Amino acid sequence: MKRIVLLRLGHRPERDKRITTHVGLTARLLGAEGMLLASNDPGIIATLEDVVSRWGGNFYIKNNVNYKQEIKEWKAAGGKVCHLSMYGINLPDVTDELKSCDKLMIVVGAEKVPPEIYQLADWNVAVGSQPHSEVAAVAITLDRIADGEPLKREFQNAELTIVPAERGKQVIENLRD
């Protein structure tokens, strides 16, 4: 089973909470096992943990991590690092390599990322080579890597499950032990 984790850099609690939450929600939905937040924001952690509690799955969130240490440990354990931005190799040109990784850390920034990230990453990947949202970059990249498979999975231990319907909203409240 492929392991994917997202590392969020440069999160500014007062400015970026909504976007960082959406980055985490997107990563969870599209197959990442967890998110590492290289800032201190317990509110983000609480929000994402609440979603996991209600909607299921095993997504984890670590707060206030040392990004250099996390990257070092990930690579020492055989993982690869992909930094998403608007600079670098075009995503379509590197998708097959990313798909072949068993252990992939995806790095996205909020504010300007430290220049050393470009050196620490195995790939610096451009998603469109134009200004864009990090939420979009994560979504497009994870979808390309997984060929849409995460969109078909069921989240285990969910309190709530949406029933797909052409019209209307149907949510099932699941009984849990």
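Including glycine, each Cβ sits where the backbone N, Cα and C put it.
Residues annotated as S-adenosyl-L-methionine binding site in Swiss-Prot: L84, G109, A110, E111, K112, V113.
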Below 8 Å Cβ to Cβ and six or more residues apart, same chain only. Which residues does that give for L84 (S-adenosyl-L-methionine binding site)?
I106, V107, V108, V125, V127, E134, A137, V138, T141
Around V113 (S-adenosyl-L-methionine binding site), how many other CB atoms lie within 10 A of its CB?
18
What residues, ordered by sequence, lie under 8 A Cβ-to-Cβ from E111 (S-adenosyl-L-methionine binding site) and sit at least six positions away in the same chain?
G10, R12
Would you list the other residues of this chain near S-adenosyl-L-methionine - those whose C-beta lies within 8 angstroms of the C-beta centroid of L84, G109, A110, E111, K112, V113 - in sequence order?
L9, G10, S85, V108, E134
Among all protein chains shown, how many Cβ atoms are found within 10 Å of the Cβ of G109 (S-adenosyl-L-methionine binding site), not counting that one?
18
Other C-beta atoms that fall within 10 angstroms of the C-beta of A110 (S-adenosyl-L-methionine binding site):
18
In the chain carrying K112 (S-adenosyl-L-methionine binding site), residues 6 or more apart in sequence that have Cβ under 8 angstroms from it:
G10
Where G109 (S-adenosyl-L-methionine binding site) sits in the secondary structure, as DSSP reduces it to three classes:
strand
